[in-house]
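Enquirer: Have a look at this one.
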Ligand SMILES: NC(=O)c1ccc[n+]([C@@H]2O[C@H](COP(=O)([O-])OP(=O)(O)OC[C@H]3O[C@@H](n4cnc5c(N)ncnc54)[C@H](O)[C@@H]3O)[C@@H](O)[C@H]2O)c1
Ligand SMILES: O=c1ccn([C@@H]2O[C@H](COP(=O)(O)OP(=O)(O)O[C@H]3O[C@H](CO)[C@@H](O)[C@H](O)[C@H]3O)[C@@H](O)[C@H]2O)c(=O)[nH]1
């Protein structure tokens, strides 16, 4: 099939390359010319494992091109909308201006029979509004909502082999399901579960899934707060409750909490939308989910204070990790970057590092002092903070790191180190939620 993907960020660039892998012919479109230049040269504009190889083979197939001109979407029959829906400035609500602009720009290039497919995460009600605009502006074209559940760091595998496919389709649309089935024929042949529903349900599936995941993380972080007050160990607690299949161990990793371009802004936009709908009480628990999450960052700053003896001002602090999670260079609402910046503002002499996110962090926070490696960051440090659990940080030798620092003090913000090993090497080991 001929497909256009409008918006080539973390979601769209991966989606475009994966659609080629699934046998389609694809044009990726973005208003950011620098991004398009990089992609057209076969270079991903961000770090995502597996994407360089996938992009190279997609480009070599001759079935993938990129353009900054929306007119190049003409001729495709399926048009994915994958533009950003960030948090609106000064409000919790989603900023829909990019989605609106993308759809408006696309409309003049649609032909009868074309299907526009929404992938961006939007407040419930958006699809119905856009469908109206499309059917008026481009008679014979229609809209489906097909939310995306990929995780950064696993984006390629999650796109090619999703856990499920959700199609939000207008009841009067007789062709959309068949078109989407053709797009995803390989996943469907592998028995991927498919849920066909209305627009509102499809939109809600996405935000409620993220609300559930955020709640699960904040639940365990609330337990971490209680563990801290009692000397209990939240990691053992998570293992124990996680053995109950009804609970499950995944997404029960206590620590610095959730960040990124999705969970934080999605729960806030969900609350804002619920308020508009007059059902804000139903989601009031998400305020607490958000508050628990943000408190972890404050607690981390407090622990940094504690390990250096009370005042971080003028103290050398090594920060290992800036990305919001490992295997990503994404620093949007990153708890690690947030803590590094707060400590800098408190007068600490912070030197931060990350295997992939140093550049993205510096773009947002040019004042941040950075180092290329953990060993460089740790030189003469009064304390080391591990804030993103990259594998290479998990494997650090406490003796090697210890030979570089001024004081052997480490705060494990992700509960990813073995306390016994570090203490045996003479380190003061502190963590979020375990003794
Ligand atoms: N990142 C993820 O893991 C992920 C997963 C599932 C869903 N989502 C959702 O997907 C959407 C995109 O997220 P992202 O992380 O890829 O964001 P992003 O900021 O990385 O990418 C968005 C892209 O859209 C482009 N854009 C903006 N306006 C445009 C227009 N009018 N025409 C063409 N391109 C335009 C931007 O230049 C940018 O490259 C969001 O709604 C997000 O919530 C993201
Ligand atoms: O047990 C856990 C699991 C995750 N996190 C943190 O939670 C955040 C989000 O992690 P994750 O969900 O793995 O990353 P994302 O790539 O943001 O993916 C989420 O957001 C996407 C965008 O909506 C969805 O598509 C995905 O399904 C959803 O998992 C990160 O800061 C993690 O460090 C924890 O603190 N503890």
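First residue shown is number 1, and so on along the chain.
Cβ coordinates are placed from backbone N, Cα and C, and glycine is handled just like the others.
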Enquirer: Just to be sure I read the record right: 30, 35, 85, 121, 265, 332 are listed as binding NAD(+) in TrEMBL. Which of 152, 306, 359 is listed for the same site?
Expert: 152
Enquirer: Just to be sure I read the record right: 149, 150, 151, 152, 251, 252, 253, 254, 255, 259, 325 are listed as binding substrate in TrEMBL. Which of 2, 206 is listed for the same site?
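Expert: So the substrate site in TrEMBL includes 149, 150, 151, 152, 251, 252, 253, 254, 255, 259, 325 plus, from the candidates 2, 206, 206.
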Enquirer: Work out the three-state DSSP category of residue 35 (NAD(+) binding site).
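Expert: For residue 35 (NAD(+) binding site) - judged by DSSP and reduced to three states - the answer is helix.
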Enquirer: Kindly state the mean pLDDT of the domain 'UDP-glucose/GDP-mannose dehydrogenase C-terminal' (318-419) in the predicted structure.
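Expert: Mean pLDDT across the domain 'UDP-glucose/GDP-mannose dehydrogenase C-terminal' (318-419) comes out at 98.
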Enquirer: For the binding-site residues 35, 151, 206, 332, work out the Cβ neighbour count at 10 Å and name the residue with the minimum.
Expert: 151
Enquirer: Among the binding-site residues listed here (149, 151, 206, 252, 254), which has the Cα closest to the Cα of residue 35 (NAD(+) binding site)?
Expert: 151
Enquirer: In angstrom units, rounded to an integer, how far apart are the Cα atoms of residue 30 (NAD(+) binding site) and residue 262 (active site, nucleophile)?
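Expert: Distance (Cα to Cα, whole Å): 20 Å.
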